[in-house]
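Swiss-Prot has this to say about the protein:
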- 200-212: compositional bias 'Low complexity' (COMPBIAS)
- 213-223: compositional bias 'Basic residues' (COMPBIAS)
- Cys173-Cys186: disulfide bond (DISULFID)
- Cys176-Cys182: disulfide bond (DISULFID)
- Asn85: N-linked glycosylation site (CARBOHYD)
- Asn97: N-linked glycosylation site (CARBOHYD)
- Asn234: N-linked glycosylation site (CARBOHYD)
- Asn251: N-linked glycosylation site (CARBOHYD)
- 87-111: region 'Disordered' (REGION)
- 127-158: region 'Disordered' (REGION)
- 200-223: region 'Disordered' (REGION)
- 238-263: region 'Disordered' (REGION)
- 1-37: topological domain 'Intravirion' (TOPO_DOM)
- 67-263: topological domain 'Virion surface' (TOPO_DOM)
Amino acid sequence: MSNHTHHFEFKTLKKAWKASKYFIVGLSCLYKLNLKSLVQMALSALAMITLVSLTITAIIYISTGNTKAKPMPTPTIQITQQFQNHTSLPPTEHNHNSTHSPTQGTTSPHTFAVDVTEGTRYYHLTLKTQGGKTKGPPTPHATRKPPISSQKSNPSEIQQDYSDFQILPYVPCNICEGDSACLSLCQDRSESILDKALTTTPKKTPKPMTTKKPTKTSTHHRTSLRNKLYIKTNMTTPPHGLISTAKHNKNQSTVQNPRHTLA
């Protein structure tokens, strides 16, 4: 195509050059014959023709340069994508049927199969091909589901079942008429009030703790004073036995003295 266009342009330029030659020769002949008005008209027409031809050639060259500069589009082929979790499960009948779906050649429409199992999701894309080119749709984001643990399904031994526990309604004793079961369950409002009054204990206000540890100097001073008082009392008050013996000796001396005087 490019060689054909260049050959066509060369032919047109050659014809224009020949026509301009003939036109110049004709103008020179008219100038020799003293026809100045006709010469001026012819020159103005020639100038207009040359300007038009130059603009046309410039447009042609610019268009051809742009076509050469544009790169040719290359065919793009995309590969089928498959998202699969790292922890794969053993194949089962359901998984095998869902993962291995048969394709329908080059004219098969776009299909999207999702297989959801415990903790995993499989995405399979079959792409539509047309004339050797495959175009894939935008790939969806795979959302991982946390694995279901067996501990949640089986309750632990520590947990207790409180379904058997029932709260009995209030039954007054006035309704019961000789029924032992009713009397065992009934309650008097006065008894319940008394029980509550007896069971309620007033809260004790804690006293502020203001204990001061005695210093060594104060304890020593107290003990020294006690020892001094104890020593003084022992020195001033003699024992009872000594006082009685002293009195007895004085009495005997007074009794013996008048005898000596009489003698």
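Heads up, the Cβ atoms here are built off N, Cα and C, so glycines get one too.
Here the structure is a predicted model, which means the values were calculated and not measured.
If you take the Cα of Cys182 (disulfide bond) and the Cα of Cys173 (disulfide bond), they are about 8 angstrom apart, rounded to a whole number. Neighbours of Cys182 (disulfide bond), defined as other CB atoms within 10 A of its CB across all chains, total 14. Secondary structure at Cys173 (disulfide bond), taken from DSSP and collapsed to helix, strand or coil, is coil.
Look at Cys182 (disulfide bond): DSSP puts it in a helix.
Neighbour density for Cys186 (disulfide bond): within 10 A of its CB lie 16 other CB atoms from the protein chains shown.
For Cys173 (disulfide bond), the number of other Cβ atoms no farther than 10 Å from its own Cβ, over all displayed protein chains, is 13. Note: Cys176 (disulfide bond) has non-local neighbours Cys182, Leu183, Cys186, i.e. same-chain residues 6+ apart with C-beta under 8 A of its own C-beta.
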